[in-house]
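Working notes, beginning with the structure itself.
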Amino acid sequence: MNKKGVKPPLRYFLLFVFVILLLGAARYFERLTVPMHRSFCPQSVVTTNVTRSASSINQNRPALPATPQEVLQLRRANYEQPRALIPPRNDVLTVTPWLAPIVWEGTFDPDMIDSMYKSSNITIATTVFAVGKYIQFLRDFLETAEKYYLSGLRVHYYVFTDQPQEVPRVELAVGRNISIIQVPKYSRWQEISLRRMEIIQRTIEERIHIEADYIFCMDVDMKFHSRWGPETLGTLVGVLHPWYYEFTRDQFTYERRPESAAYIPMEEGDFYYMAAVFGGSVKEVHALTKKCHEHLEVDKSKDLEAIWQEESHLNWYLLYNKPTKVLSPEYLWDDQKGGLPKDIKVKRFSAVIKNKWEVRDNV
Ligand SMILES: CC(=O)N[C@H]1[C@@H](OP(=O)(O)OP(=O)(O)OC[C@H]2O[C@@H](n3ccc(=O)[nH]c3=O)[C@H](O)[C@@H]2O)O[C@H](CO)[C@H](O)[C@@H]1O
Ligand SMILES: [Mn+2]
């Protein structure tokens, strides 16, 4: 017996029990603090945490998303500080007067954006029409999309075609799938092009509203050339037309006949958007396609066809329903423009040069 009345072996045992209890308490409090952090985290980080706690049950799952500790590290990640007095680009407009960002190379951090969306579990519907001879563009569109378009995210392609059996088999990455939907072939290319609004509206109502969170509607005579990442996602997204982004509003080829539902007066207009890509949340794109479809019908009843078909109606819509994000012409280039000007640092998605007389039934 020592002077405190506890034998040395017993003292070591009690010390051991105490340490074990201390470690247990530390782990318990660590767990408690995670939900507290969560409530202060942005949405994407919250999702990351949730996924981790689920996946940590199954230790065999490959490529685990960030742990809560890693999330903290991520929040302190070593990226360049945004400087309030130093604009990332001073050669281009990076925000609209209604405070929507305009996305250009150099204005965002791709790694940061990717890590924000990595475990977000969102699905992006992507519609593409390949009717008549335009089926020839589909393979390149899909193959290059699998290389560059929203890599690592869930993408559901909806291919609308009159020849389902001709849709090429393209290997899709994990989490990506394709639905083929048969549509009629109208005899005029203008009709094929402008019917897209109606068909997209209907398909959103029938299934896309259940199957996806965001949607992009794209032309098929296009190829991806480099990253098209989740920096493009937004509630309502329009893209600057590569031929018109330097022009003033009076030079835009808006519909100028007051009889048309797409009419825009000379003294109005922000940008000229190209109809080869538009997108946003499924809800907003549904509203857009519904309104444009209605306006197309109104024009049709007056025997009117807007100067650039659905593109004229899209421009009307986006003038009076401001997009929440605008993509620069990096996201919609045209190979016919040749080399890139100084302000376009990267070509991400571009229209291929096509022989209109060869691919269209009527020109
Ligand atoms: C540079 C230029 O002049 N651009 C205009 C032209 O774009 P584009 O020349 O890009 O129109 P386009 O021929 O690519 O047609 C639009 C899309 O409709 C689909 N499609 C069209 C025809 C067909 O036979 N089969 C088929 O599947 C296909 O997905 C195609 O990508 O016409 C559009 C008409 O809406 C817009 O007004 C564009 O601003
Ligand atoms: Mn096109």
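Even glycines carry a Cβ here, placed using N, Cα and C.
Sequence annotations record features per position, and here TrEMBL assigns transmembrane segment to 12-29.
Around Val220 (UDP-N-acetyl-alpha-D-galactosamine binding site), the same-chain residues six or more apart in sequence whose CB sits under 8 Å from its CB are Val128, Phe129, Ala130, Tyr134, Phe137, Leu138, Phe141, listed in sequence order. According to TrEMBL, the feature UDP-N-acetyl-alpha-D-galactosamine binding site maps to Phe129, Ala130, Val131, Tyr134, Asp219, Val220, Asp221.
The Mn(2+) binding site annotation in TrEMBL covers Asp219, Asp221. For the recorded site, Asp221 (UDP-N-acetyl-alpha-D-galactosamine binding site), the DSSP three-state label reads coil. Non-local contacts of Asp221 (UDP-N-acetyl-alpha-D-galactosamine binding site) by the CB criterion (under 8 A, 6+ apart in sequence, same chain) comprise Tyr134, Phe137, Ala351, Val352, Lys354, Val359.
All protein chains included, Glu311 (active site, nucleophile) registers 24 other Cβ atoms within 10 Å of its own Cβ. According to its DSSP assignment, Glu311 (active site, nucleophile) is helical. Look at TrEMBL and you will find Glu311 tagged as active site, nucleophile.
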Among Phe129, Tyr134, which are binding-site residues, the residue with the most C-beta atoms within 10 angstroms of its C-beta: Phe129
Sequence-ordered binding-site residues from Tyr134, Asp219, Val220, Asp221 with Cβ under 6 Å of an atom of ligand 2: Asp219, Asp221
Near-site residues: UDP-N-acetyl-alpha-D-galactosamine, ref Phe129, Ala130, Val131, Tyr134, Asp219, Val220, Asp221, CB cutoff 8 A to centroid: Val128, Ile135, Phe137, Leu138
Secondary structure at Val131 (UDP-N-acetyl-alpha-D-galactosamine binding site), reduced by DSSP to three states: coil
